[in-house]
Amino acid sequence: MIRAYIFLIFIISKFEITLQDSTNDAPKIPSIIFPPNARVGLSTKAFCTVEKGSKPLEFYWNFNGKEIHDSDPAILIDRNEDYSVLNINPVSSKHSGNYTCIVKNLHGRDSFTAALVVHEPTMWIKEPEDTEILEGTTVFLPCVASGLPKPSITWYRYDNTQEMSKNSSKAKIEIKSNGTLSIPKVTINDMGKYECEAQNGLGSPLRKLIMISVNVPARFEEKFAVVNAKKGDSARMKCEALGDQPLSVTWQRDETTISKSGDERYEIFETLVQKGVMSELIIRTTDRDDGALYSCIAENEFGNDQRKIRLLVMEVPAPPLDVKIREIWSRSASVSWAPPYSGNSPITKYIVQYWRDIGGTPHRLMEISAPSSQSSALLKDLHAGTPYVLKVVAENAVGRGEPSDGAFFRTGEEEPNIPPADINAEPRGSSTIRVSWKPPPKDSWNGELKGYYVGYKSRDSSQPYSYKSMEYLPEVQQEFFLTNLLKASDYSVVVKAYNSAGSGPPSHELYVRTLDGDLPPAPSLYVLATSPTSVSLRWNTRKIDNPLSGYTVHYREEQGQWQEVAVVAPEDNTYTLSNLQPQKLYQIYVTATNQYGKGDPSEIVAIKTDEGDGHSLLSVASLGHNTNYLDMAIVIPVTASLLTIGVVLVVACVCVRKIRSRHNLERALAAEKHLAMVGTLQRYVDIDKTRSLMDASRMGHYPLPYETIQMLADDQDANFPKGGPNQELRAFVGKDGQPAQYNKTLTLRKKDENIYDSPQ
C-alpha cells in the first residue's frame, strides 16, 4: 500500500512537470509525507520530488539537521533524476525524528522537513519487586517502562477483599514522574499487595504484582508520662509496647532493673495485645520514697525503645514553716509563714485558724483563707485584750495537711465597753451604803479587769461624782461599803469597771437614802443541846440605842434550801428547832431586826442531830472546831475565870479603841479634805462600831488619779465543812448555861460566783 501511495505521488508529479514549459527554474519541493503509523520492526518510506525546476537535480537527506550517510544499514536512499526515496527497514525508536529532503540545480535549491514518529509498544526498564522494610522508614518502589508514545504508570493496591483500588486516595503515597512509588514513614497499615501497570495504547499493558512486608521494631508511641498516686493508695504504671513478636519488656527504677520476683512491693503483669505487649507495674501501697523515675524497655529482633514514667506520690502538704505574728493591734493582727513541702501537689490555698485562749475553755474556731501565692494574712474583727492561739494549714488537691505549731498572741487592750451588771445599793445604817454588783460580761472587758470605780454624790448636787476604787477579785461578791455618809440623806451611786486601758461607761444611776438609825449588830449564836429531831439554840446581842423588834432563825439541811423561823419576842434569846431528821447535818444562823431593818447574820454553825432518843446537853462551836467532852466540875470554875478575864479585857479594849478611833478619824479627815464623803472597803458586818473605820497604818496610794483610800482585803470568809455525816463539831456548855468564849468570830458572807464569757 505504501508503494502504491508513493507511485501515485510520482505519477502526479511527473504529469505536472511535463505540463510545464521547459524553462530555467529553481527547484521546488511540494511536501514530504511519512506514513502515520510507523512501528518498530516494520519498514517505512518517504518520497521527495519537485513540482518544478530545471534539470539536472541533485537530492540529499538530513536527519535532525545532519546529513544521512550510509552508516546506518537500516536506512537506504534511492536517488533518481526527478525524485528521491528514503527507505528505513527495519524501523526502530532511534529513527524517530525530523527528516529533511534537499534538492538543488543550477538555478537554486529547496528543502522540506517532515517528522517521522515511530510507535513503540511498552517495555519494562525497571520492574517493581517484593520489598521488606522497617516500620517508620520510607520505601521507594521503582516501576519504569519504555515505549512510544511514553507509557503511563498506574499503581494499584489490593485490599483484604482482593479488589484493586487506585492509590490516589492515599494522600501520603506519591508517584514520581518516572513511575516510582514512594511511601514515607511506613506503618503496619501500609503492608500488603501492590500492582504497577504501564501502557501506551500499543498492545497489552504491562502489569507487575508485588508484596510489601513491614517489619515493626519494638517501640512506644508515647515516650514519657506522669502518674499521680495518693500516699497509701496503689499506683499503676502502664507501657504498651508495639512491635513484632517475640517482644520483651523490662522495668527499671532509676536505672536499676526491677525483678518480677525480687521485691514483694512490686507486681508486674504482661498481656498480649493486637499490636504488641501491654506491661503493667503495680505498687500496692505507695509512700513518699516510691516517687521516682521509672523506665520500661521494649526489645525485639528489629530494634528497641524506651518509655519513661515519673511517679509522683501525692500527699497532704506539710505544716507551714516559721509562723510569726508580725504586728498586733487591739482588733487585728498580721501573721506570716513560709511555704512548706507541697506533697507533690500544688498548694491551692492556706487556711489560718485562730481561736480565743481563755482559761483552757474551748472556743469557736475561726478560719480565713489565703491564696497559695500569699505567705501572710491579716486577721480582723478580733476581740480587744484577748489571748489567741493561731495555726496555719496548707491545702492541696489531696486535702488539708497538719497545722503548724501554735503561735500565741494577745490583742491590745481597750476600755471596757459595758458597765457592771445588776447594780444594787441599800442602806446599811445611818452613815453607810452597801453597793453590790456583778462584773460585766467578760466579752466586754477588752482586757484584764483591774477593778471598779464606785462613784457617789448627793442626789441634788451638781458636782461631779467622787470615786472610790476597788480591786477586782474573781469569784467573790463584788461589793463596796460607802461610809461616813450623812444621816437620812439621798445619794446617787454609779459603778464602772476599768482595766489597763482606762475605765468603761458608768452604770445607770441608783438613788438610795441612808437610814435614820443603825441596824442591829450580828448576834453571837450557840447550840445548847441536840436530840434526834431537835436543836436548842441561844444567842446574845450587843446593846444598841434602837430597840430590837425580833429575831429570825435561818437553818437548812446540808446543801438544802434555807428556811426561816421568826422569833417575835425581842427579849427571847433561845429557841428550839424541832421536826428535824436524825443523824443529819444542819447549818444555822440568826439575824436580829429593828425598825430600820434586818441586821447582819451571826456566824453559821453546823450541828448534827443525834442518832437515838437520848437528850444531849451539847452546844456547837463555830465551823472548823472539834467537839470536846469535859467534866462539868472542871468547866464551871474555868468558865467563871474566863468570864472575869474577858470582862477586864473588854473594858480595856473599849478604852483603847475609843482613843485610837478618835486619832484615826482626825487623820482620815485631814487626808480627804477635797472630798465631800469618804469610804472604806471593810464589810459593815465586820466593823466594830466602837472604833474608826479606817486604819491609817494600812493606807496607801493607787495609780489612778481619783483614788483616795487604800482598800482592805476581805479575807474573813467562812469555811463550812463539806464532808460526810462524821464531820460533827461540838463543844460543852458550862453548868451555868453560859457558852464558852472563842477568840475568833466568824462572819457570814454570801458568795456569788459569776463568770461571764462568750462561746467565741
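Cβ coordinates are placed from backbone N, Cα and C, and glycine is handled just like the others.
As given in TrEMBL:
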- 27-117: domain 'Ig-like' (DOMAIN)
- 121-213: domain 'Ig-like' (DOMAIN)
- 217-310: domain 'Ig-like' (DOMAIN)
- 319-414: domain 'Fibronectin type-III' (DOMAIN)
- 419-517: domain 'Fibronectin type-III' (DOMAIN)
- 520-612: domain 'Fibronectin type-III' (DOMAIN)
- 407-437: region 'Disordered' (REGION)
- 1-20: signal peptide (SIGNAL)
- 632-656: transmembrane segment (TRANSMEM)
Long-range environment of the region 'Disordered' (407-437) - Cβ separation under 8 angstroms, sequence gap at least 6: 323-325, 328-333, 335, 357, 382-391, 444-449, 452, 454, 456, 477-488, 491, 493-508, 510, 512-519, 596, 684
Segment confidence, the domain 'Ig-like' (121-213), expressed as mean pLDDT: 83
For the domain 'Ig-like' (27-117), the number of residues DSSP places in helix, strand and coil: 3 helix, 47 strand, 41 coil
Counts by DSSP class (helix H/G/I, strand E/B, coil) across the domain 'Fibronectin type-III' (520-612): 0 helix, 48 strand, 45 coil
Summary of DSSP states over the domain 'Fibronectin type-III' (319-414), given as helix, strand and coil counts: 0 helix, 48 strand, 48 coil
DSSP helix/strand/coil residue counts for the domain 'Ig-like' (121-213): 6 helix, 49 strand, 38 coil
